[in-house]
Structure formats: structure tokens, C-alpha cells
Amino acid sequence: MQVHIELKKVVDNSYDITIGTLPTLHFDTKVAVVTNSTISALHLEYLLSKISAKELYVVTLRDGEEYKNQQSIDTILEALFENRFNRKSMIIAFGGGVIGDMSGYAASIYQRGIDFIQIPTTLLSQVDASVGGKTGMNNRYGKNLVGAFHQPRAVYIDPHFLTTLPPREFGAGVAEIVKMAVTFDKDFFEFLERADLSKPEILQEAIKKALQTKAKVVTQDEKEQGIRAALNYGHTFGHVVENETAYKEFLHGEAVAIGMVMANEMAIKMNYMFEKEALRVKALLQKYNLPTTYAIKDVKAFYEAFFLDKKSSDSAITFILPLGIGDVVITDKVDTGTIMCVLNKFGKQ
């Protein structure tokens, strides 16, 4: 005996990304602004001057990837419960990628889902993390292993927030821009080689190009069942680097930069990429003072950590490897010998 449930309705998760000065936002509901202590001190007053709401609350978390955990999620949820938020209430994620991911995840599970808006304040979150609906938190097994797809209702990219960005945070954002270019757009990569991203008008053009690339990919593959997985270039290795260093040595974008160099090394071994192309990628990363070397502490443990990657299975590790600049392949056909050869090379540095 069977009872069939027909669930083929298409949910419209469309939204706009607005680039420019943040407009005044009006809400006829309760709103919780989730931020961290650093952004609160720098920009919260400016943000609050732009918000009109029925009731407005601020949830301030500690700053850092090491706080992207269940305790921080519980802090957000407690604030929502204590102030009687309902399904029509709203969360505003005001910070970098960590705040955006956790705010979105809290929104996805509170009363089985409420709306949220992204107002990213770092270059990395403006060009990548705020768009696409990936939300989540870390645990002791790895990065972003707990989470959900939950699209924001809107994203506001205000360059004003980048004026206080530390140089390392700026570089971390550039790493994600480079990732987009290597993955999908050779012309964009060549633009970045020529560009001086310290100039605001050139940076804004790079942000726009990166967002256009991300939007195109997410439109085609919202839940990462195919082409969107290509945007994890550098992340398979990078996430292990972050976890191995307890999220304290490298910013996320810095770990991704290291991961791209490692992925390129594997692509060379697989005859997917010429060494001269890998050197161009490395040079572009170094142009913005990003790390491109890493000494793996325990090669065997590093290898085993790959199996916790969301793209991998019990028996195969999925890698995103460049086919030159502007194209990549998603493959689980890399043999153990090749993987260990690459890891051993980095283990000897």
C-alpha cells in the first residue's frame, strides 16, 4: 500500500543584489540585526540610521571563525524567542561571511524558516558568501558541515563598509574573486592581472563581475547538484587547512588561496593544467599578499579529512581542478597515489 504526495510546485527564491549606497529599509515587522563586536563598533550606528522597523533588536556575537558554532547559533535563537519573533519577522545579517552564514542558518531553522537579508561588510562576503543561500556553522569535524540552503530576500552591497577593512581581510576577498575568474572567466582573470583593486572604481567593477558570475551559476544550480560545485575550487584543500589550524592561523580567503595552489598542483599532475598557468594564478594571489605555501603537519590525517568534505562519498574524494584558466573539471577520478604525491610535496615544505 502506498500514499503518494505530489510536491512539484516551484518556489520562487528570486532576489535582487543592490550595489551602491545602502537605501533606507522599511519593515512592518520585528527585525533582529545580527552582527559582531568589531562591525558593531565601526558601522552599527550607520546601519541603524537606515532601518525603520516595528521593533528593532541587535544581537552582537564574538568576532572570528572560531565562534561559528552551535553556541553562537543558540545566542541568536534565544534572542528571537525572548523577543517573540514569529514567522513574519526578519533577520538582517550585518557582517562578513561568518555572520552571514550563521544568521542565515538561524533564519532557516527558527520556526522552520523566516526571512533574512544580507548586508555584507567584507569584500569576501560581498563577492561570494552573501549570495547563493548557503548557510551553516562549523563543528569539530570540519567547516560548514551543519547547515541548510536558505536564500536571502535581498542583498545590499555598500562599498562604504570596505573603507575600514584591514589589509588581510581585503586580500581574503580578492582570493574569492580570483577563484571566480579561474573557474569561469579567462577574460576576467586577465582583467585582474592588469587591475589595481585598491582603486575604488576598479574594485567596484571587479565586485560587479564576480557577482554576475556567481548569480549566473546559482540561477542554473541553486542547490549545488552540478555546476555550482565548481565554485568550491580551492575549498576542498582550503577547508582542511582551516580545520587543521583550528581556524586561527588563516582567514577563510587565505586558506582558499592555499587550496587553489594545491588544486593547481594536482591539476598539473593530472595533465589538466600547464605549469605556466598555475604560476600566473600564484602570482596574482601573491600580488595581494595572499599565502601560497603551507606545510601539512600530518599528511595521512589531511588525506582522511577529505572524506568529510560535502562533495565526497565514502569511497571517493571529489576535487575541482582547473583545465587551464577559465574552466574547471569536477572529478572523483583522482587515484590515491596522485593525491598522496601532492600532499607529500606540501608536507615537505
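Cβ coordinates come from backbone N, Cα and C, glycine included.
Cross-referencing HIS150, HIS235 against the Zn(2+) binding annotation in Swiss-Prot, which names GLU176, HIS252, picks out HIS235. Residue pair GLU176 (Zn(2+) binding site) / ASP63 (NAD(+) binding site) shows a Cα separation of 20 Å. Counting other Cβ atoms within 10 Å of each Cβ, the lowest count among the binding-site residues GLY97, GLY100 belongs to GLY97. Its Cβ taken as reference, GLU176 (Zn(2+) binding site) is surrounded by 25 other Cβ atoms within 10 Å in the chains shown. With a 10 A radius on its CB, THR164 (NAD(+) binding site) counts 13 other CB atoms from all the protein chains.
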